[in-house]
Amino acid sequence: MVKENICIVYGGKSAEHDVSKLTAQNVLNAIDKERYLVDIIYITNDGLWKKKENITEEIKEIESLNMTDIEAGEITILLKESSNGKPYDAIFPLLHGPNGEDGTIQGLFEVLDLPYVGNGVLAASSSMDKLVMKQLFEHRGLPQLPYISFLRSEYEKYEGNIIKLVKDKLTYPVFVKPANLGSSVGISKCNNEDELKSGIEEAFQFDRKLVIEQGINAREVEVAVLGNDYPETTWPGEVIKDVAFYDYKSKYKDGKISLQIPAELDEEVQMTLRNMALEAFKATDCSGLVRADFFVTEDNQIFINETNAMPGFTAFSMYPSLWENMGLSYSDLITKLIDLAKERHEDKKKNKYTID
């Protein structure tokens with residue numbers, strides 16, 4: 001069998017750089033190397049691109065992915081062809097956060113006409129920006145919790161008015177979030193005004209725009225979506241926390257969360273969640289993969305929280321685990337995503353770019 005040429009891209013100029021490397025290690029150790037010839041590109045914290053070709057061995061130490069002994073190359077040359085001299089059948093970006101999950105690198109792949117795994121420019125950018133995403137959900141009629149949003153420059157000029165707006169529109173606890181980050185980076189749970197001001201200061205270290213959301217006593221439930229024009233969903237899974245707030249540290253360092261798959265919910269609630277996940281997928285014109293996150297209250301009210309266009313993708317993350325529960329292994333999920341990338345690229349070829 002002739003191997004397909006795949007390039008995995010990871011790292012990136014983002015606060016989620018280390019998460020991306022962990023994801024790359026997991027994917028590289030699970031991808032079917034009998035089917036694929038795999039090259040890797042590492043984007044350093046400084047934005048340099050480094051390439052290593054024909055990865056065949058298990059990645060035992062994550063530090064080996066830093067490519068400290070390799071010189072940086074020119075981006076378009078690195079992406080032009082694989083180690084066997086042929087064009088790539090697909091690029092697999094494993095990038096989280098700004099400069100990777102926000103439509104920027106997807107735009108590069110589009111300009112270079114490269115097939116790539118995951119969401120396109122519009123879906124990636126709108127899913128990354130929490131305010132835009134919420135506005136699209138609102139247009140689609142999906143129920144959400146109350147929120148407000150403002151810019152750093154607005155807060156610097158009108159701090160008192162904004163603090164009053166939070167008091168008038170929301171009740172404590174509230175969650176302060178950078179508008180354009182994932183993995184719970186820069187997010188704070190605030191129970192009073194002092195914590196609110198500290199949380200705003202923390203969030204503005206990571207973004208010029210933030211969102212403050214109403215807190216709620218509810219279960220956190222997630223649904224995985226996979227596909228292009230005709231996506232499929234999983235049964236929901238639940239995040240079980242040993243901490244008050246599911247932050248970056250508890251997600252990736254402390255091991256203080258576990259996953260309940262499938263979630264213990266009435267079947268009617270589960271089906272509603274799956275249907276809402278499909279609506280959210282369509283609302284932002286997604287393709288490839290999405291994880292839709294919800295709140296479910298004790299009386300089974302459902303509120304959509306967000307969609308994640310590049311969800312956590314380590315072997316123990318919720319998204320692959322949900323598909324594992326549906327009978328799709330981690331390795332086969334990787335293969336399916338590559339096939340979806342090629343399918344979307346073939347569909348793009350049907351478009352005309354000239355006028356007769």
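Every residue gets a Cβ built from N, Cα and C, even glycine.
Feature list (source: Swiss-Prot):
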DOMAIN    134-339  domain 'ATP-grasp'
BINDING   167-222  ATP binding site
BINDING   ASP293, GLU306  Mg(2+) 1 binding site
BINDING   GLU306, ASN308  Mg(2+) 2 binding site
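On the backbone, the CA of ASP293 (Mg(2+) 1 binding site) and the CA of ILE216 (ATP binding site) stand 14 Å apart. Considering only the binding-site residues LYS167, LYS209, the Cβ with the fewest other Cβ atoms within 10 Å is that of LYS167.
By the criterion of other Cβ atoms within 10 Å of the residue's own Cβ, the least surrounded of the binding-site residues SER188, ASN308 is SER188. Distance between Cα atoms for VAL174 (ATP binding site) and GLU306 (Mg(2+) 1 binding site): 16 Å, as a whole number. Here GLU195 (ATP binding site) is positioned 24 angstrom away from GLU306 (Mg(2+) 1 binding site), judged by their C-alpha atoms. Per-residue pLDDT, averaged along the domain 'ATP-grasp' (134-339), amounts to 92 for this model. Distance between Cα atoms for GLU195 (ATP binding site) and ASN308 (Mg(2+) 2 binding site): 27 Å, as a whole number.
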